[in-house]
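Listed in Swiss-Prot for this protein:
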type	residues	note
BINDING	G169, D170, R171, Q172, T173, G174, K175, T176	ATP binding site
SITE	S362	site 'Required for activity'
Amino acid sequence: MSVRPTEITEILKQQIEQYGSRMVVTNVGYVVQVGDGIATVHGLRDVMASELVEFENGVLGIAFNLQEDSVGVIILGDYTGIEEGDEVRATGRIASVPVGPALVGRVVNALGEPIDGKGPINTDKFRPIERIAPGVVMRQDVDTALQTGIKAIDSMIPIGRGQRELIIGDRQTGKTAIAIDTIINQKGKGVICIYVAIGQKRAQVAQTVATLERYGAMEHTIVVAATASDPAALQYIAPYAGCAMGEEIMESGGHALIVYDDLSKHAWAYRQVSLLMRRPPGREAYPGDIFYLHSRLLERAARLRDDLGGGTLTALPIVETQANDVSAYIPTNVISITDGQIYLEPDLFYAGIRPAINVGLSVSRVGGAAQIRAMRQVAGRLRLELAQFRELAAFAQFAAELDPATKRQIDRGLRLTEVLKQPQYEPMPVEEQVAIIWVATNGYLDDVLVEHVREFEKQYLDYLRTSHPQILQRIASERELKDDLIQQLHEVTRAFKQSIWAPPQERVII
């Protein structure tokens, strides 16, 4: 059998035509120095700011400092397995997290990886953790209430969907409790909640998740946890990861609530990373861009225009103060960024006034626009009565005898303060809040002993639910107190006091 030269030529031609000379260019560098969760890498020539890089052992990092001859990388994982001389590859992408409905009910870390032992998250949608906030023309006014279920907040410091409301106070004053109650109260209201735990103990995060599960709130909640034992880099990116998950809901036309617990520890993590990277320190050793760290995060909360879906992302950042000092660096920064603050005081907390909200220093810059009309009708008088009470209470300490009008005002204030107390994990529907605040501001509690006010409230609301549910239904549906409804409330309240109300009997010891 002879091989003809023409056949050989034909085969060679086919081989040459089929050959594809594809060049794969990979941006590679080498670790020069590593330690304390950061690495200095030499040779990553075309790396982008905040680009993800991958180390030889599979651990990821973020290009944080871009210098002339090296790149400072923050390591998103265990840095103990990384050694000098290890290869580092640029991935060509910015840090992203999985987003979408599959995350609801799950506990994930700052990279969106599940840590609850319930298996993988089935989603093919990812979003970059850093994103420019919606512009002015993309937004619309905040005018829809986000009900927290907490009487003191919904009446005097209303929060709207798309607002940023700071919760600020010393440690152990009930900041997280307010946020958790708000999440529990969103059940059945079509709001997806994201709870971002930054720098907390793992046991504390587990306890929070257990509480949310006990009250059925995990069905509409995503928990993003970057605990105290996680690297500072993960604590730094955790809020941005949670925000990306919330933005997906907002841009899909849905409503999301995100709690950052807390931004003080977030600032500490960023300060730690920045100092290790040799960035110049400023006030309180924070880097110069610490304001931008929080402003670019909180500005992403918005209410979008209707033609963009009308979705909302509401932010409740938490900041811890030291010895009531709201003039420190981080508190003043976040106060200036947000649309109001809820200020919690240790003195009120230890006096048994819980939630320990100082309504004089707390404010919501959205105001009554985010309240239903019925709540606005009762809240105005409540605010005025409490303001007068605070003024007179300070004056009364120095007065030997009080005139009847002043004493009456102080007694009313004491009862209003008692009405605003509320146990933890018991958020109240807005129609019940309106009813009990109306009763208090219209003088029906003036002859009830202060220590019996809570029992009166319990019995009165039980009476409305069982005997007059139509009143609560009308408040909920009509969203205002019309004249005939007010008349009905007067009649029902008088009837309750005459025939139903039974004050607790004092125990007689023989």
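Using N, Cα and C of the backbone, Cβ positions are placed for all residues, glycine too.
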Quiz item: Over all shown protein chains, what is the count of other CB atoms within 10 A of the CB belonging to G169 (ATP binding site)?
Solution: 28
Exercise. Please report the number of other Cβ atoms within 10 Å of the Cβ of S362 (site 'Required for activity').
Key: 21
Practice problem: Pick the one among the binding-site residues R171, T173 whose Cβ has the fewest other Cβ atoms within 10 Å in this structure. | Solution: R171
Quiz prompt | Spatial separation of S362 (site 'Required for activity') from K175 (ATP binding site) - C-alpha basis, Å | solution = 13
Exercise. For the recorded ATP site, enumerate neighbouring residues of the same chain (Cβ within 8 Å of the Cβ centroid of G169, D170, R171, Q172, T173, G174, K175, T176, site residues themselves excluded), in sequence order.
Key: E320, L344, P346, F349, A356
Self-check item: DSSP three-state assignment for G169 (ATP binding site)
Solution: strand
Practice problem: Have a look at the binding-site residues (Q172, T176) and report the one with the fewest Cβ neighbours inside 10 Å. | Solution: Q172
Self-check item: Under 8 Å by Cβ from D170 (ATP binding site), counting only residues of that chain that are 6 or more apart
Solution: E320, T321, Q322, A323, N324, L344, E345, P346
